[in-house]
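Novice: My questions all concern the structure below.
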Amino acid sequence: MESLQIPHQPPMAMRQVPVDASQPASRVQPHHHRNRANHQQTASPIRQFKPSILTRLHAGYFRISLSLASQALLLKMLTQPAAAQVLLSALYALRCCFHFQLVRAEFFHHVGVNYLFAPWISWLVLLLSSPTAISEIKAPYLALWWAFAIPVVLLDVKIYGQWFTTEKRFLSMVANPTSLISVIGNLVGSRAASRVGWKESAVCLFSLGMAHYLVLFVTLYQRLSGGDRLPAMLRPVFFLFFAAPSMASLAWNSISGTFDTGSKMLFFLSLFLFASLACRPALFKKSMRKFNVAWWAYSFPLTFLALASAEYAQEVKGTMASVLMLVLSALSFLVFLGLMLLTVLNTHRILREDDPILRFDKDRSRN
């Protein structure tokens with residue numbers, strides 16, 4: 001009995017799909033290529049909008065006003081930093097009104113969310129830069145402090161809560177150097193509160209910031225996730241490593257009333273971290289090839305360090321302390337002046353569509 005001969009057919013994966021000769025070859029694409037093309041067309045919500053200043057202006061641009069405000073705190077100049085802060089705040093408010101979905105996506109980005117602290121930090125630093133006579137009128141000063149500090153606390157509750165309750169946003173998974181901006185927000189608020197004698201509020205914000213700074217410092221020191229999770233052009237934010245302890249030393253100085261041992265320890269830690277980064281210029285080599293707004297992250301950490309060195313020199317009254325204060329203050333001012341000139345000469349590079357923080361839609365789709 002002869003066995004039935006079944007014609008051999010190749011598996012489905014190996015079968016060739018007949019090609020319609022009437023169609024051009026460019027329209028015949030593999031299935032996975034078509035899926036990739038469709039994904040590229042639908043994955044990025046940014047491309048649905050006509051590029052404008054509002055679609056490109058994310059919260060990271062408050063680095064500029066934060067640097068201006070910190071220089072105002074160092075040099076007691078207030079008019080121009082306040083004007084820049086008002087302009088940026090007005091533009092970002094319009095972004096919130098007309099492109100709220102972009103702001104919402106920015107909130108869910110592991111880097112972009114940290115810069116939502118920057119506007120409020122800038123306002124608090126400007127509040128610290130105000131003349132002493134204004135701070136003595138407690139009612140307006142406290143009203144402004146509440147207006148700027150409450151958003152910081154609300155962001156704290158949201159972000160810090162996610163770090164230990166949300167599996168996809170555990171600190172070990174999302175930690176990067178920009179996470180230190182949240183700590184700086186608490187410490188600036190603490191210093192501003194202590195200026196008018198609100199020591200309980202100052203201690204509250206200081207303890208909240210320092211507790212999370214210790215956790216962040218250990219996490220980043222052991223794993224240094226920022227080197228893997230951050231694009232090369234955002235590496236200037238590594239300067240935030242010493243910005244946080246610098247502001248912590250200033251905040252504790254305001255709370256205790258003197259630049260005591262605790263403030264000195266924090267200042268020495270920030271000085272060590274600055275020296276460690278300064279000895280590694282290769283880390284910033286790629287980010288320095290083309291000017292971008294991320295370069296402004298070099299300025300305000302140096303200013304905070306210079307402010308801490310000024311308080312230290314005033315307390316110690318030694319020659320070396322005075323020399324250190326002059327060197328750091330001069331370096332801070334030169335970096336700030338250089339960034340101002342580079343920004344003027346490269347205005348076409350300020351609002352760019354290829355900014356890494358504008359790619360938050362990809363991370364949002366993965367979450």
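Cβ from N, Cα, C; glycine included.
What TrEMBL lists as region 'Disordered' is 20-43. The transmembrane segment annotation in TrEMBL covers 115-134, 140-157, 200-221, 233-253, 265-283, 295-313, 319-342.
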Novice: Considering only the recorded stretches 115-134, 233-253, 265-283, state which has the highest number of Cβ pairs under 8 Å to the transmembrane segment (295-313).
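Specialist: Most contacts with the transmembrane segment (295-313): 233-253.
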Novice: Cβ under 8 Å, sequence separation of at least 6 from the ends of the transmembrane segment (115-134): give me the contacting residues as numbers and ranges.
Specialist: 58-60, 62-63, 65-66, 68-70, 72-73, 76, 78, 81-82, 85, 88-89, 92, 106-107, 140-141, 144-145, 147-149, 151-152, 155, 178, 181-182, 184-185, 188-189, 191-192, 195, 357
Novice: By Cβ distance under 8 Å, which residues at least 6 away from the ends of the transmembrane segment (265-283) in the same chain are close to it?
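Specialist: Same-chain contacts beyond the flanks: 235, 238-239, 241-246, 248-249, 252, 259, 301-302, 304-305, 308-309, 311-312.
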Novice: Who are the long-range neighbours of the transmembrane segment (200-221) in its own chain, taking Cβ under 8 Å and residues 6 or more past its ends?
Specialist: 149, 153, 156, 160, 171-172, 175-177, 179-180, 182-187, 189-191, 193-194, 241, 244-245, 248, 251-252, 254-255
